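Participant: Taken from TrEMBL, the feature domain 'EF-hand' applies to 88-123, 124-159.
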Amino acid sequence: MASEELAQKLQRRLQLEESGAAVEGEAEAVKGAAAAGELEERSCLTASAGAELSAKLCRRQDINEGAAQPRRAAVFNPYTEFKEFSRRQIKDMERMFRLYDSGRDGYIDLMELKLMMEKLGAPQTHLGLKNMIKEVDEDFDGKLSFREFLLIFHKAAAGELEEDSGLLTLAKLSEIDVSIEGVKGAKNFFEAKAQALSSASKFEAEIRAEQDERKREEEERKHRRAAFRELKSAFTQ
């Protein structure tokens, strides 16, 4: 009887141990699966972070090599960035930009530029229009922002555009009042074009005169500071 009872106890103990081992094994399996999942998730995050870092490094390399331009803030102050222009001149350029921004999205795209050049009396080929945008397209989006539009006049005034450049033609012809559909409102196309070229030359001359005046003023300030330092040095000796 005692041996039977002892056998039952041993069998019960054996069942408990087997059950415990099974539970422990199941727990270990769950822990292993969780660890594997965590490792996989961490691996995915690492891969994602690596791809993002790689993209940033590639863009930085393109910028350093001149193949890309740094991204600029969407909002800028044209009066401080383009100091060579008066407020009235910038306002006139802004009105012209808005006139041809028919999509009201803050950009002049290829078709809007095509319409602009046609109304200014200087139609361009499709390739010519793409080249015009490419000359000032700093962010490579294939369209002109207002800042890039101002760059056209900046480059024209600085003499940085070729004579046969479509952008130079745009800068010169823009002196015509575009509110009357470009040169169509003029009595004679060639007379209007000559007048536009003359106005553009005058515009460029005024800009250069202002730049020369600022240079003279800066030189005078340098001379005055140097004279003051000499006078101060004479008194302190």
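Placement of Cβ uses the backbone N, Cα and C atoms for every residue, glycine included.
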Participant: Sort the residues of the domain 'EF-hand' (124-159) into helix, strand and coil with DSSP and give the three counts.
Facilitator: 23 helix, 2 strand, 11 coil
Participant: As a quick check of your reading of DSSP, tell me how many residues in the domain 'EF-hand' (88-123) are helical, how many are strand and how many are coil.
Facilitator: 23 helix, 2 strand, 11 coil
